[in-house]
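Here is what TrEMBL says about this protein:
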- 256-272: transmembrane segment (TRANSMEM)
- 284-304: transmembrane segment (TRANSMEM)
- 330-350: transmembrane segment (TRANSMEM)
- 466-498: transmembrane segment (TRANSMEM)
- 522-732: domain 'STAS' (DOMAIN)
- 568-605: region 'Disordered' (REGION)
- 568-579: compositional bias 'Basic residues' (COMPBIAS)
- 632-653: region 'Disordered' (REGION)
């Protein structure tokens with residue numbers, strides 16, 4: 001059976017009942033510190049000192065904090081091997097993902113060089129690999145193909161009247177669009193980082209990001225099918241574009257040579273990658289099958305004349321050297337502003353999630369705001385060199401970590417590998433079939449499509465997160481990447497609002513022998529204290545659920561305030577009419593007595609007057625006592641016992657003889673104006689039917705907000721607010737004349 005768990009020890013506490021006023025005295029509440037004026041705060045922020053300057057420089061340029069302490073002996077070999085491994089992966093992925101961005105493959109190599117160097121200087125994560133990524137590439141590709149479709153660069157041949165596509169002009173304009181979008185998205189990221197807006201990524205939950213990347217993978221697959229089959233389908237843009245994809249209609253036009261190349265490349269890539277996964281612990285380095293396939297495919301294509309004999313599409317001429325920097329086309333920013341912002345947010349979300357994962361694993365801090373600035377400057381600088389947007393790649397980052405990379409030096413080494421390729425080896429890949437690059441993209445999507453396994457896992461753990469995942473997937477596929485992201489974020493926020501509007505309301509009972517108060521529906525041993533109702537909501541009460549809170553309070557407590565107030569008003573009106581009738585009757589009797597009054601001596605007259613006044617006083621007290629509750633409004637801490645007939649009539653509107661309701665506000669993190677008004681109304685209405693209301697468990701920030709809203713007054717003093725539910729219960733029982741909490745027999749563990 002195993003060893004029994006050791007039972008926890010016992011503790012005994014004896015203290016006074018603490019309301020908010022007593023707590024301030026016992027705990028010696030600090031006086032709130034006054035915030036310095038804005039002028040002083042601005043002056044202090046502009047004041048410069050050497051320590052402050054050093055902190056600012058090191059936070060802005062993190063490379064200055066780790067590079068002087070870099071140990072070649074400890075980190076040099078690991079960073080070198082890791083950098084070479086990642087650089088080898090950059091080459092095929094850079095060229096393949098360039099096809100997703102609808103730009104020539106060489107620009108994928110540029111994108112794997114410039115931004116990586118910038119991030120090594122400014123980034124705070126030591127293990128992520130910045131560069132091309134499928135999701136960001138397809139987002140850029142959707143912009144370039146929308147603004148520069150093939151139809152805009154097709155003209156009729158004067159000789160035979162056929163349409164001719166000006167590929168050079170089209171590619172040049174698409175590169176310009178991609179660079180302009182990248183610069184704008186980078187500026188968005190830099191500005192957000194400077195205003196410390198790194199928390200914006202918290203609005204992208206993990207189910208949303210995973211559903212979005214899975215939907216984006218679907219876009220990637222559809223966009224690459226034309227290279228796999230060697231067909232040329234028409235492209236549709238805008239919402240529901242994937243519905244109109246007419247791949248099937250063009251399947252009869254499939255290029256057999258291209259299809260054979262694709263199938264062979266896919267089989268080789270999948271088999272070797274699976275071997276890499278199976279023998280991961282035995283292999284010192286994973287087999288660079290992507291680079292091997294590219295080299296082999298290039299040689300076969302070159303010596304087999306696949307392009308000329310079988311019409312297999314190839315990469316084409318790759319120019320040597322680097323491009324000189326150029327200014328982006330600012331006139332395009334108005335058209336691509338929405339796409340650029342979406343790219344900025346998605347790229348940062350992927351980057352920070354990977355960075356923080358590795359940071360937690362290896363025990364260092366990743367600054368979210370600095371990461372936003374670093375990624376933004378990587379995109380901005382890269383955009384001037386005609387690169388497109390970058391973010392971190394899971395596959396390359398895992399290789400960088402597993403092969404011994406410990407610092408950003410590994411990124412510098414990988415950039416050198418890419419630079420050598422661009423300067424000397426790039427032109428050798430001119431005969432590389434595009435179908436091979438598409439196969440590399442397909443194989444690298446394995447991790448994203450494995451995310452479909454989230455569906456059964458989320459079905460078991462959280463159906464709301466599953467709904468967010470599915471809605472995000474559908475919106476991303478049907479509404480394209482930009483509108484799909486916006487719709488997904490909106491839906492995710494709506495689920496949060498709906499969950500706060502539909503909280504769990506509970507009536508709490510005391511666990512015998514303890515000061516614990518738990519939900520009576522969940523725990524059998526939680527017993528309600530007679531006459532006291534303890535009510536709790538599972539979430540913060542604010543304007544969207546304040547009315548629901550009030551309705552649930554009446555339903556759970558069994559006290560119908562409206563009915564009780566109506567009966568009380570009818571009873572008061574009836575009593576008032578009766579008093580007037582008796583008063584008129586008394587006056588008539590007095591007149592009759594005066595008319596039939598015999599003559600008395602002065603001494604006899606005084607005695608008669610004294611007796612009559614005593615009779616009248618007793619008569620008035622008899623009726624005044626019956627209406628005492630309606631005049632005082634609430635017995636509060638000075639409760640007055642009323643006649644049994646009056647109490648019996650009041651309690652007909654509730655399920656039990658409730659004299660106290662305690663509102664447990666321990667789950668509230670703030671109160672707004674609507675909540676304050678609602679609480680005031682609760683105190684007023686329940687006071688009218690002689691039920692005491694107490695608040696319990698309020699956090700300090702909630703108490704301060706109630707004070708600022710002028711909630712506390714003579715009718716609602718701070719003595720109505722208690723530290724715990726147990727304090728409020730003890731106080732209520734003391735007011736009602738009970739000696740202590742009812743004693744229940746303890747249930748053995």
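Every residue gets a Cβ built from N, Cα and C, even glycine.
Proximity of distant same-chain residues to the transmembrane segment (256-272), defined by a Cβ-Cβ separation under 8 Å and at least 6 residues beyond the stretch ends, is recorded for 227-230, 287, 289-290, 293, 297, 306, 309-313, 433, 435-436, 438-440, 442-443. Residue counts for the compositional bias 'Basic residues' (568-579) under DSSP (helix as H, G, I; strand as E, B; rest coil) come to 12 helix, 0 strand, 0 coil. When pLDDT is averaged over the domain 'STAS' (522-732), the result is 75.
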